[in-house]
Amino acid sequence: MRKVTILGATGSIGQNTIDLIRRDAGAYDVVALTGGANIARLAADARALGADIAVTAHEDRLDDLRDALAGSGVEAAAGAKAIREAAARPADWVMSAIVGAAGLAPGLAALEQGATLALANKETLVCAGALVLDTARRHGARLLPVDSEHSAVFQALVGEDMDSVERIIITASGGAFRDWPLERLRHATVAEASAHPNWDMGQRITIDSASMFNKALELIETREYFGIDPDRIEVLVHPESLVHALVGFRDGALMAHVGAPDMRHAIGYALHWPERRDLPVARLDLAQVGQLNFRAPDDARYPALRLARQVLARGGLMGAAFNAAKERALDHFIAGRIGFLDMAEVVEEVLARMEARSGLIDAAMTLDNVLETDHLARAGADDVVAERAG
Ligand code: NAD
Ligand code: MG
């Protein structure tokens, strides 16, 4: 039996992971499930899967979790430290599906115990790519991509040599507002930004898809995971979300990964790697699809992509600053304090202020320095939003 842990089990990726595991429950020994405020979901899944421990991120919900698990034999715990400890429990395979930089420390803990880390949490590589890859190397742990574009690239590279790769193209649906006139974007509401045309995902990544901040993070994730020069990574708008990524080789060949927009494919690939097993995803009928469309992203519409290129050129701890500023700008947008287009302006201003703090961005990439940068960038975003309001 394979020992598995799911971090962020109650979210969209977590639930899709549980769906796959439940279909073959006898093959898995579930060590830990972690979640947030949805105690009922967390407890029900921990009971059904016979987990050793369930952990909520909210310390004040520990009693609720204990009550919900009464008589089940599943241990209950709460708080960020308890999540890290759960991730450090021996497991063969750990799904990293917490949203945001909160996923970084538990992911590192899983790598330190030598687990294979299936990485949905792209923020991990954006904030601390070099540290994460180095931790995996030192502990003989493996990192497998779960983001659909990165899983697609990873699959297109099987049997290939990175030296023969000329470019990597990641596709973007363009999100909820891809066909809106630019003037209208300023007034886009949270509800409008939370409806994705093709994918069913958590609210935060859905809004990030509309603003293209999701693709901005993925540009950095591509650079970190595959070690390719940023100027050889392209973003292509593809409204159907059926081609997830393409790899261009030196002989001119372009290998595309095509499939239905269902995250259980990428999750299942990482779960069964290096084998391929049957997965419950729709089979595409291309004759019925008929057409696939592609277009270049519009720079005026998507400033997030320009910012990501700046972050890549700058290096150091700028990825951690970028992600944290984006997370806070998104919090402020969701809370109704800033508009949709203000998010990129806030992030850009925070990056300029972080750059001006001497030595900060060039400090060594340790977990402490990454978390400190994250903290300062969040405070910086709060300052910028407060200044704009006042
Ligand atoms: P979600 O919001 O649906 O779920 C997030 C999970 O993290 C929940 O279990 C929640 O309880 C937990 N969580 C939230 N804040 C936490 C905190 N501070 N500490 C500990 N746990 C916390 O998100 P999602 O859509 O499943 O996305 C999860 C990750 O996977 C994100 O990094 C996202 O970018 C990435 N991803 C998601 C998809 C998708 O289809 N949903 C696709 C590619 C990548
Ligand atoms: Mg993606």
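Cβ from N, Cα, C; glycine included.
NADPH binds T10, G11, S12, I13, G36, N38, N121, E123 as TrEMBL records it, and from the list G202, G227, G248 the residue named for this site is G202. Record check, TrEMBL: 1-deoxy-D-xylulose 5-phosphate site residues include K122, S148, E149, H196, S209, N214, K215, E218, and the candidate from S164, S173 also listed there is S173. Less than 6 Å separates the Cβ from ligand 1 in the case of T10, S12, G202, drawn from the binding-site residues T10, S12, E149, H196, G202 in sequence order.
With G202 (NADPH binding site) as the anchor, the candidate binding-site residues are K122, D147, E149, H196, E218, and the one with the nearest CA is H196.
For the pair formed by H196 (1-deoxy-D-xylulose 5-phosphate binding site) and D147 (Mn(2+) binding site), distance between Cα atoms is given as 16 Å, rounded to the nearest Å.
A C-beta separation below 8 Å, combined with a sequence spacing of at least six in one chain, links D147 (Mn(2+) binding site) to L119, A120, K122, E218, E221, A266. Contact annotation for binding-site residues (T10, S12, E149) versus ligand 2: E149, each with CB under 6 Å from a ligand atom. Across the range of the domain 'DXP reductoisomerase C-terminal' (259-379), the DSSP-based residue counts are 71 helix, 1 strand, 49 coil. The maximal spread of the NADPH binding site, taken as the longest Cα to Cα distance among T10, G11, S12, I13, G36, N38, N121, E123, G202, is 22 Å.
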